[in-house]
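Asker: This is the structure I want to talk about, given as structure tokens.
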Amino acid sequence: MDGTLAPLSKSAHTMDQEIQLTKQPSQRQQKQELPPEDGTAAQDHTSQDQQQQREQAGGDAGRHHRSKLTVLPLVFLIYFEVAGGPYGSERAVRAAGPLFTLLGFLVFPFLWGVPESLVTAELSAALPGNGGFVRWADRAFGPLAGSLLGTWKYLSCVINIAAYPALVADYLGQVIPAVAGPGRARTGTVVGMTVLLSFVNYTGLSIVGWGAVALGFVSLAPFVLMTGIAMPKMRPRRWAAQVKGRNKDWRLFFNTLFWNLNYWDSASTMAGEVERPERTFPRALAVAVVLIAASYLLPLMAATGATDSPPEAWENGYLADAAGIIGGAWLKYWIEAGAVLSSIGMFEAQLSSGAYQLLGMADLGLLPAVLARRATRFRTPWVAIAASAAVTLAVSFLSFDDVVASANFLYSLGTLLEFAAFLWLRARRPDLKRPYRVPLPLPALAAMCAVPSAFLAYVCVVAGWRVFALAGALTALGVGLHGAMKLCRSREWLRFNTAVVAVAAEEDHRGCVSAGAGDRV
């Protein structure tokens, strides 16, 4: 969850050119990994894939299967990816008043969250491996698109993650003064929290998932109590309170809505760890949309309807003050403690997403194969987790203002590219097996994606020049990284998982021929 943001789009023609240059394996790869062009080709590929899967499982496939995510843990991982509770929604009340805030959190989860959830559900079921949205863009537009989308989303993810240990340190600083200000105590707290929570991630995605369930129930409980206590005290006329002395700040209002309700697609990077993703993802996303909408709407209705505080009083953290007015000091302290638990849940969920994204990119050959290594005991991608924790620590000590805004900008670019990949695959790859399929024709799907895309375009327009400049530099970094990986692969300076690339290229060839779209190869 971050500050301000915005989007843009990419040229399909440029990406198709990149496909032609990069989708084809080198001559050496063809000799080593592609089978002879006879009737044994499919069998050879199958045996290679099966052998690779056996080696990756390390003889421990049964335990790995038992640790896969089911509906309830996935619901709460999505919950912590997207929201983590109504913390931070106070600025919307300050910007536009209670009525528009309630309408925003009633409508926006469905106008924004439902389209992104439907896209995520269909493509996670159709392309269920780890890496999620990277796989979608790679399959639609080629390796450059997949690599660039991965860079955009990963940078946005790690900058988000870096904020949570600092937030925990802020709350601890209220109890331990030495942690409150800059110094060794605060630095040690941030580093210690990052290392400790990263180790929890290392112990297994199942542990993280069920931990998210526990954290979710404990952090949501005080808001349920506050809503129940406030019901006899609520007066609907209070919801009509107006922002006095100034015009409504629509930019802050919409940015706050987006800040609280993005990242619906992040769980897709862990699709390879989900049991029966074709059934689990649609169900989990449907439940998560309702849960997240209710977790914002009900506490805001209670706090604005049961207190007489004007919109100007609604600063970050005011929900805890409102809980104190409604239920007493004990409820206020519980909600403040819930903010710490929510930060821990968001750290764990988003670190998992980032680590499994790196794992998926390594599986696709977009990053070195070392990032796909799994721990022998826990079957977690320990190199990717360690790398993500290290990047998070480095970002923790940067100035966040424009960096966070640019990270959200990059997230928006990635979301636009996701919608484009979704529509492209529907139009050009109708043969792609889709265990779950959004029950709409292509024109209706385009209209569905147009609504959130229009919002992203608005956010892009209102971004400042520094955000544009920094986002442009980070995008250039992503393009440079893709070029560097191509060079390392061609010179064999690093080891890459080229077998998956070769198989994907052949699948694309077969799909394009059957669909009458031979220009993809």
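Note that the numbers count up from 1, one per residue, in the order the chain is shown.
Cβ atoms are placed via backbone N, Cα and C, with glycine included.
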Asker: Please find, within the list 69-88, 249-268, the residue stretch that TrEMBL describes as transmembrane segment.
Answerer: 69-88
Asker: Of the residue ranges 154-174, 406-426, which one carries the transmembrane segment annotation in TrEMBL?
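Answerer: Range annotated as transmembrane segment by TrEMBL: 406-426.
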Asker: Counting Cβ pairs under 8 Å that sit 6 or more residues apart, are there three or more between the transmembrane segment (406-426) and the transmembrane segment (95-114)?
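Answerer: Answer no: the transmembrane segment (406-426) and the transmembrane segment (95-114) share fewer than 3 Cβ pairs below 8 Å.
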Asker: Within this structure, do the transmembrane segment (95-114) and the transmembrane segment (318-335) have 3 or more Cβ pairs under 8 angstroms, counting pairs 6 or more apart in sequence?
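Answerer: Counting Cβ pairs under 8 Å (6 or more apart in sequence), the transmembrane segment (318-335) does not reach the transmembrane segment (95-114), since there are fewer than 3.
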Asker: Between the transmembrane segment (95-114) and the stretches 69-88, 284-306, 438-459, work out which stretch tops the count of Cβ pairs under 8 Å.
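Answerer: Counting Cβ pairs under 8 Å, the winner is 284-306.
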Asker: Count the CB pairs under 8 A between the transmembrane segment (208-231) and each of 69-88, 284-306, 438-459, then give me the winner.
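Answerer: Per the Cβ under 8 Å count, 69-88.
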Asker: Verify whether three or more Cβ pairs under 8 angstroms connect the transmembrane segment (69-88) with the transmembrane segment (284-306), leaving out any pair fewer than 6 apart in sequence.
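Answerer: Yes, these stretches are in contact.
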Asker: Looking only at residues six or more beyond either end of the transmembrane segment (69-88), which have a C-beta under 8 A from one in the stretch?
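Answerer: Beyond its ends, the transmembrane segment (69-88) has Cβ neighbours at 1, 113, 205-206, 208-210, 212-213, 215-216, 219-220, 223, 256, 259-264, 266-267, 270, 273-275, 280-281, 283-285, 287-288, 291-292, 295-296, 299-300, 316, 319, 338-339, 342-343, 345-346, 348-350, 352-353.
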Asker: Any residues 6+ beyond the ends of the transmembrane segment (438-459) with a Cβ under 8 Å from its own?
Answerer: 4-7, 111-112, 115-116, 118-119, 121-122, 254-255, 258, 409, 412, 415-416, 419, 422-423, 426-427
